[in-house]
Every structure is written in C-alpha cells, then in structure tokens.
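According to TrEMBL, the features are:
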- 45-212: domain 'Phosphoadenosine phosphosulphate reductase' (DOMAIN)
- Cys126, Cys127, Cys207, Cys210: [4Fe-4S] cluster binding site (BINDING)
- Cys233: active site, nucleophile (ACT_SITE)
Amino acid sequence: MNAITAQVSSVSALPPADELDRALRDASPAEVIAAALKTVGRDKLALVSSFGTESAALLKVMAEVDPAIPVIFLDTGWLFEETLAYRDTLIAALGLEDVRSIKPAEETLSREDPDRELWFSDPDACCRIRKVEPLARALRPFSAWINGRKRFQGNARADIPVVEDDGARLKFNPFANVSREEIAAIFARAKLPRHPLVASGYLSVGCMPCTSRTTEDEDSRAGRWRGRAKTECGIHTMKIS
Ligand code: SF4
C-alpha cells in the first residue's frame, strides 16, 4: 500500500462527522471527548489549545477523561510571556502529560517575515506561516482533533456543530453548546488558575501585536485584531490538510 492509498484508507475508516454530530449533539463535554477517544484512539487524537483565558476549562475536562491525550500549543513567536508561563502552570496543575509546543519553521520566517512586521502588513499571511502551516504539520499524525470554540463567541463560531469534517480528519468541538456561565462554573469548581492577563483587562489573549484590552460592554474577542475586519486566524476557517 503506498502513502496515498494508506491515507485514503485511514480517512475512509472514520465514521461520518454528521452521524457523530447527531449522536453527540446534546452530550456533555466529557462525553464528547470520551467519544472522540473511542472513535480514533489516543494515538490518533490531539487537543489544540492556545492556553488562553478560557483554555483551562477544556483542559480540565480533558484531563479528567485522559491527561495523556496530546495537547498541541502553537508558539507563534509573538506570544505574551504570561501565556508561556500559564502553559507551564496548567501543565503542573492539571497533570497534562503530553503538551507539544510547536513553532513556525525558521526557514519560512526568514524568507517571508525577516523584519517581523508581517502581522501589520499582511496579518492573514502572518497567521498562515505562524499558525496554520505549523498546525497542519503538527496534526499530520492524527485522525481527529479537539478544540475549545463556543457558539456564544459569535461571528463564524455562532453555529458550529459538535463534530465536523475537517478534510483529512474529524474535528470535535466539546464546548460548542457550553455557556459562559458553565465555563465559569468549571473554573470555580476546580479552582482553576486564571491567565495572568485577565486581571489586567484582557478577556481574550492571542499574539501580542494583535491583542488589546476590552471594555466591559465589548464582546470578549473584540480585542483581537482590533480595527481590522479579521476575526479568525485561519486554523478554524480552512480545512487543515
Ligand atoms: S495573531 Fe497576529 S502576530 Fe499572531 S500569527 Fe496572526 S497576525 Fe501574526
């Protein structure tokens, strides 16, 4: 069997996303993660986390199901020091056993962003080389991935299903149905540590140049790419091949 045949046969062995979505539409986040594990097995399942302001809730639920599920963290080279420290805090607090920090390819950075100003001149290209392409490489060994998007975040996230087809693999959204209050309850129940920047007024945290504080009457993601039409980095708006 050549590489292409092997890939097609492994993709076709996966159950259809819409069938899984129907079965898991009203399932709890833990049940969704357990179903993802059962569907593809731990070696083929990864959770992608930004270690942002709400990430601890999903990581806590995952750790209760299986703390050895691989966690992929995209270290873009533009993250706040506080986010890197928070990653290490949560690894220790939750007992995460397999967190993989993924960096962009040095060769691509020196060719396409030698002056580190691409975030300003062309943020879509910057997200492509610092997030989308590294994630595509990191996901290659996996048949399914889990992420923490919520419908209450609005925009492109307002009607995400619980399970979707992401091209070469399945994508599980265990928090699709979850409310802001339920996430707060997970934080309170487990006494989860907060991202250090929440106290300074950041409700959503991404890369330094593209993140600003939000006011009380703003949407939690309003501080991301402020002043631009952009609301997503691309890892959720294109199929990761
Ligand atoms: S969020 Fe900003 S700095 Fe980070 S990869 Fe995207 S454009 Fe670049």
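A Cβ is built for glycine as well, from the same backbone N, Cα and C atoms used for every other residue.
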Task: pLDDT averaged over the residues of the domain 'Phosphoadenosine phosphosulphate reductase' (45-212) - done: 96
Task: Cβ within 8 Å of the mean position of the Cβ atoms of Cys126, Cys127, Cys207, Cys210: remaining residues of the chain near [4Fe-4S] cluster - done: Thr76, Trp78, Trp119, Pro123, Arg130, Lys131, Gly206, Pro209, Trp225, Cys233
Open item on the list: In whole Å, how far does the CA atom of Cys207 ([4Fe-4S] cluster binding site) lie from that of the residue listed as 'active site, nucleophile'?
Closed with: 10
- [ ] Out of Cys126, Cys127, Cys210, point to the one nearest Cys233 (active site, nucleophile) in space (Cα versus Cα); all of them are binding-site residues in the record.
- [x] Cys127
TODO: For the residue listed as 'active site, nucleophile', name the DSSP secondary structure in the helix/strand/coil scheme.
DONE: coil
Open item on the list: Among all protein chains shown, how many Cβ atoms are found within 10 Å of the Cβ of Cys210 ([4Fe-4S] cluster binding site), not counting that one?
Closed with: 20
Task: Tertiary neighbours of Cys127 ([4Fe-4S] cluster binding site) (same chain, Cβ under 8 Å, six or more apart) - done: Cys233, Gly234, Ile235
TODO: Run through the Cβ atoms and count how many others sit within 10 Å of the one on Cys207 ([4Fe-4S] cluster binding site).
DONE: 23
